[in-house]
Amino acid sequence: MAAGLRKRGRSGSAAQAAGLCRQWLYRAWQERRLLLREPRYTLLVAACLCLAEVGITFWVIHRVAYTEIDWKAYMAQVEGVINGTYDYTQLRGDTGPLVYPAGFVYIFMGLYYATGRGTDIRMAQNIFAVLYLATLLLVFLIYHQTCKVPPFVFFFMCCASYRVHSIFVLRLFNDPVAMVLLFLSINLLLAQRWGWGCCCFSLAVSVKMNVLLFAPGLLFLLLTQFGFRGALPKLGICAGLQVALGLPFLLENPVGYLSRSFDLGRQFLFRWTVNWRFLPEALFLHRAFHLALLAAHLTLLLLFALCRWHSTGESILSLLRDPSKRKVPPQPLTPNQIVSTLFTSNFIGICFSRSLHYQFYVWYFHTLPYLLWATPARWLTHLLRLLVLGLIELSWNTYPSTACSSASLHVCHAVILLQLWLGPQPFPKSTQHSKKAH
């Protein structure tokens, strides 16, 4: 009998252990699903993806052939400055004249020396790999603070994009340098370090002008937070840094520097366009088409500023007043207000760009998950959002671009714009309550 009891005891304990094991496995499975769905796990998922990206990025460097496009031209341009030429009209490379502001010159001058006068391509690729990982870290910090995007989306933002890896470590363009400074600026703004945020924003502009697409959103945020008089010192930081960086070139040939580095009328080649391939080349090059795009760009910015970003019930001109003197006292800006305004401002500019080249993908690639998931509409399911991301990636990986790839890119952009317009506003409820109380 004692042996029978011992037998039953052992089988009972084994069954209990098996039950506990099943419960643990079930709990682990449930937690794994939460890790993929809940934004509060962003940092944990981000850490895993960054570790994976270390291996992927360095595998790409060692296994995929480097393609020379602009690197030698960059090095020739900064070498001209090193040799004492400060007249921008005299600075050229293999692919044409220097058309970037002074911050580009100083940063790539550092890369010139770090890579043995631009000859050590592998060293340059390793530096850009670190730059890529720094970009991911800054982007993940933004997503962690907004807490809107489910972590499973980050896989598609990291490991699944061939084009972005190529832009960073196989092409060595200057666009990633500008964007890492931009994301650093946004992190500083989220930390309420407005002066330093504006400084980094201006530094990003000094590398490449595409960062100016974020400027309307930044101006709106500055006016909302500080009013016109309070925003002037921050705008002064942006302008002052541009003057300080460009001073050697401004003293030599101010007209040449401004016309080359901030040339808003520069003509793009039709053969490189990603977004307007379905148009006749004559229309693509026509000034009337460019003016129509500019008008549409400004109109949509104004509509978003009036109807989506500004929600206090007062006239938008009230933003010019000191915040303490407004009828509806402003609420502190939330992370989602800041990020939504900046990302939307940039995206509208992307939609109406005169031309998008392949390296321009990084101008908005890392913002796409936020634009699609932060203001969810019922008609746009997770599957449809992933389909939009996939079609955008496919459009940017179609070389040369086709009428079909360009058209599908515009359709995806239109879906995102519709989502941003129809989705819930990113403003806190307290703002709405104060409006009702007033």
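Glycine is no exception: its Cβ is also placed from the backbone N, Cα and C atoms.
Taken from TrEMBL, the feature transmembrane segment covers 41-61 (among others).
Taken from TrEMBL, the feature transmembrane segment covers 98-115 (among others).
A Cβ distance under 8 Å defines the sequence-distant neighbours of the transmembrane segment (127-146), meaning residues of its chain 6+ beyond its ends; these are 39, 42-43, 46, 49-50, 53-54, 57-58, 61, 111, 114-115, 154, 157-158, 165, 168-169, 172, 176-177, 179-180, 183-184, 186-187, 190, 335-336, 339, 366, 369-370, 374. Under the heading transmembrane segment, TrEMBL lists 127-146 (among others).
The transmembrane segment feature in TrEMBL is assigned to 177-195 (among others). With a cut-off of 8 Å between Cβ atoms, the residues of this chain six or more beyond the transmembrane segment (177-195) that come close are 104, 107, 131, 134-135, 138-139, 141-142, 145, 201, 203-205, 207-208, 210-211, 214, 221-222, 225-226, 233-234, 237, 335, 338-339, 342, 362-363, 366.
Away from its own ends, the transmembrane segment (201-223) comes close to residues 100-104, 107, 174-175, 177-179, 181-182, 185, 189, 194, 230-231, 234-235, 237-239, 241-242, 245-246, 261-262, 264, 301, 305, 309-310, 319-320, 333, 337-338, 341-346, 348-350, 360, 363 of its chain (Cβ-Cβ under 8 Å, at least six residues beyond either end). According to TrEMBL, the transmembrane segment annotation covers 201-223 (among others).
Away from its own ends, the transmembrane segment (288-307) comes close to residues 216, 220, 279, 316, 344-345, 348-349, 351-354, 417, 420-421 of its chain (Cβ-Cβ under 8 Å, at least six residues beyond either end). Marked as transmembrane segment by TrEMBL: 288-307 (among others).
Beyond the transmembrane segment (360-379), the same-chain residues lying 6 or more positions past its ends with a Cβ under 8 Å from any Cβ of the stretch are 135, 139, 142-143, 146, 148-150, 153-154, 156-157, 161, 163-164, 167-168, 175-176, 179, 183, 210, 213, 274, 336, 339-340, 343-344, 346-347, 350, 353, 385, 388-389, 392, 396, 416, 419-420, 422-426. Residues annotated as transmembrane segment in TrEMBL: 360-379 (among others).
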Remote residues contacting the transmembrane segment (98-115) - C-beta distance under 8 A, at least 6 residues beyond either end: 74-75, 77-82, 88, 91-92, 121, 123-124, 127, 174, 177, 203-209, 242, 245-246, 248-249, 257, 260-263, 266
